[in-house]
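Residues annotated as transmembrane segment in TrEMBL: A:27-48, A:85-110, A:122-150, A:162-187, A:208-232, A:279-301. Feature annotation from TrEMBL assigns domain 'ABC transmembrane type-1' to A:86-298.
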Amino acid sequence: MENNKAAANNKRRGFARHQREDMIGKIYTYLCVLMLIVVIVSIVYFVASKGLATFITDGVSPFEFLFGTHWSPDGTNPSFGALPFIAGSFVVSMLAALIAGPLSICAALFMTEIVPGKGKRILQPVIELLSGIPSVVYGFIGLTVLVPFISTVSGGNTLGYGVAAGALVLSVMILPTITSIAADALASLPRGMREASYALGATRWQTIYRVILPTLAPSLWTGIILGIARAFGEALAVQMVIGNAPFLPKSLLTSASTLTSVITLNMTNTSTGSVQNNVLWSMALMLLFMTFVFIIIVRLLQRRNKL
Amino acid sequence: MKSKKTLFGTLTLTAMLALTACGGNSGGTTTTEPTTGTGGTTTPPTTSEQPADTAISGSILAVGSTALQPLVDQVGQKFMEENAEVTVQVQGGGSGTGLTQVSEGAADIGNSDVFAEEKLDADKAAELVDHQVAVVAMATVVNKDAGVDNLTKQQLLDVFSGKVTNWSEVGGADKKITIVNRPSSSGTRATFEKYALGEKVENVEGSIEQDSSGTVKQIIADTSGAVGYLAFSYLDDTVTALSYDGVEPTDENVQSGEYPVWAYEHMYTKGEPEGATKAFLDYFMTEEVQNSDVTELGYIPVSSMEVKRDAEGKVVQ
Amino acid sequence: MNAKTADKIATGVIIFFAIVIVAILGGLLGFILVRGLSHISWDFLTSPSQNFKAGGGIGPQLFNSLFLLVLTMIITVPLGLGGGIYMAEYAKENKITGFIRLVVEVLSSFPSIVVGLFGLLLFVNTFKLGYSLLAGAIALAIFNLPLMVRITEQSFRAVPREQKEAGLALGLSKWKIITSILLPVALPSLITGTILAAGRVFGEAAALLFTSGMTTPPLDFTDWNPLNPRSPINPLRSAETLAVHIWKVNSEGRIPDAKDVSAGASAVLVIMVLIFNLIARWFGRFVYRKITASKQVN
């Protein structure tokens, strides 16, 4: 009723007011969207300009940066091979996805196929809480529980810091990402598809792996890629448990580094404008670049999904 | 209507916040300008040029080394208690950040674990004035089962460069050596390499890098055959501190110059300090601070040192 | 192996993994709470932290986290609301909208450390804000903006078409319809989403290391003039949040009781996130009930 009255009032005050209101609304929302674009353009621009300075101003060879395995920025003969960190980032995030992927998809299947309804009521809050736990808390638990555990399991020969600890911590962190995307995909599946399969006499498992999983493959991969993307960019939790030695990850139990861990440890200890500092920005640029790569992969997967 | 109001309310609030922010900022810079000014220029009369008998006033921003931050913080608080008109702000952020900010004039004091020459370009470093406020000494530390209590410089270099991988090769027990290193940009590592090893060494495969002295100590105490280095203030009986070339790591040996693994903690200003900044740095060097706060935090007072060092590491008597 | 056995095994495996996940969460929460709660006391929550001695609290850090959250939300909510309303109500299905969608997606995928580094470069260094709450809040706002846009868009799209059509029939302007018809209906899910987003902000650390800094000046909780350097609400002071504190004491800190302090602080963080979750659920349901109830009265 109130709305009616307000509307009547508005009509009386005429068209000008109407237009002015719309103008305000338009300007406000357009400005907000413009902000978004300005933000992203400036992030890319600023990080790129700093990150490329390593190669343009300081004359470090991009080839050495991408493929060099020798990292010694402060040495008498400084060398800036960042391959150990690039490889470290890939290895821990892939391993994390390898662990979390199957777990997450099983969790999603549990929620939608095995115990529909009840399963969701139990697992959904669990997944939400897991995604809500701050990354430093994961790092801290990794440091106090996982690292000593790995050290003990390996017979006390290693410190426990290393690739395995990093990948395990990350796998728990990306579990919610993959699970929720997989669960959404499963829920979007037309009911008839399952029933058709059951009607043909297929068991539940046959239905799952012959019908459901192949149909949803692009969506499930999307979840896994987004999980890898999240793991790739995660900084502090990994830094706390990976050991931070600048070497190519050769075994699960040796200490390694990731792009993010090197940036975290050295950014504030180096002075702005120095080559040691600029090279860290190049790594940040690398992280940005990988974000775009992951998004392109996801987009391609989504396109396949529509077909 | 109501929701519209709240919406614009939040907008105005944001705008106001931005305004106060700008106001606060410009206010901050005007008060700090005189102290950061590159000297010599024709600055109008400011706090720094007031007669000496008036109270010191102004605000001091000290940024940099996380290792030095607790000491500066503590001394800063005492200084503020004695000089109500002064505010001292201390921020961490690492030696590199501190040196950059003081060099750019964004901070009044840049706290650093290393000489500015080691982080900045020569011309930028030349503009900065060094105030050495404390001495920090480091000891090589091993797990108790390593079975050594002394290493020569060469042996130490062999251990940290990976030439020696078992303690039995340097006269200790038959235990594998595990190295706990610091990040390559860390001041602690720079000091250790420069004065204990004599050269920069590359990480050894299987070693780890940790920035936290507390964590380093714990790892060394818990891991068989582990070795690392710690500031004197962290030493206790959970780990074994090694003698260096037969010299025990004690304050006295550092002061006499016999034990070489030590470095200054620096507080840099751009040009000669003036006004509140000068007063604060002077206060730092008083016996009252040097013999209480400095020693309380495990540093060695600069005034007690019998030897001095320049940026190249040469010892001058 | 026949199909029935395979089915049983597979079902068993899936159920087992589901149990594993519940066990992981149970283990994590159990560990944090058992380890941390014993360390939490009123004194721990209110007293200042120590730099090199044992026995420090997390008072300033807790305050910083909360205050930073407020600052961030003051920036994020209006911007995210505008962006989301645009996406839901103004955007036409064309290339530009597709591009904006891509922007939101990219922005939400940026690693938080990169956003922090951008903040360091632009706000801390170029704009000379220094390590400050304001720089931290802007960085977190950037980090949170895409989520806020998405929440707003979804909330507005979920409003029944009839509501909008009623407004159009009444001859209201588009903006009027948005603010006085759609917004109130969308509000419950908006608020729920915002609170959940706030929980994410609360635990963020990587973006803050380089923007709001790793130190807190001594605070004077009797001084509420935002221009004074020791005032807790001065937006230009550096501020170490709870999450950053946990990282710092473990990675660079000097205090001997780092493990206890981190355990206590972790427990506080997790409890806060739990509270955010509960409030979001409760509030959503509460407002929903209120709105549906008031309709019946009409």
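Residue positions begin at 1 at the first shown residue.
In case you wondered, yes, glycine gets a Cβ from its N, Cα and C as well.
With a cut-off of 8 Å between Cβ atoms, the residues of this chain six or more beyond the transmembrane segment (A:208-232) that come close are 89-90, 92-94, 96-97, 100-101, 104-105, 109, 113, 170, 173-174, 177-182, 184-186, 189, 193-194, 197, 202, 287, 290-291, 294-295, 297-298, 301-302, 304-305.
The listed stretches are A:27-48, A:122-150, A:162-187, A:279-301; of these, A:162-187 has the most Cβ pairs under 8 Å to the transmembrane segment (A:85-110). Within the chain, the transmembrane segment (A:27-48) has long-range Cβ neighbours (under 8 A, six or more residues past its boundaries) at 281, 284-285, 288. Within its own chain, the transmembrane segment (A:279-301) is flanked in space by residues 43-44, 47-48, 50-55, 58, 60, 65, 73, 80, 82, 85-86, 89, 218-219, 221-222, 225-226, 228-229, 232-233, 259-260, 262-263, 266-267, 270, which lie at least six positions past its ends and keep a Cβ under 8 Å from the stretch.
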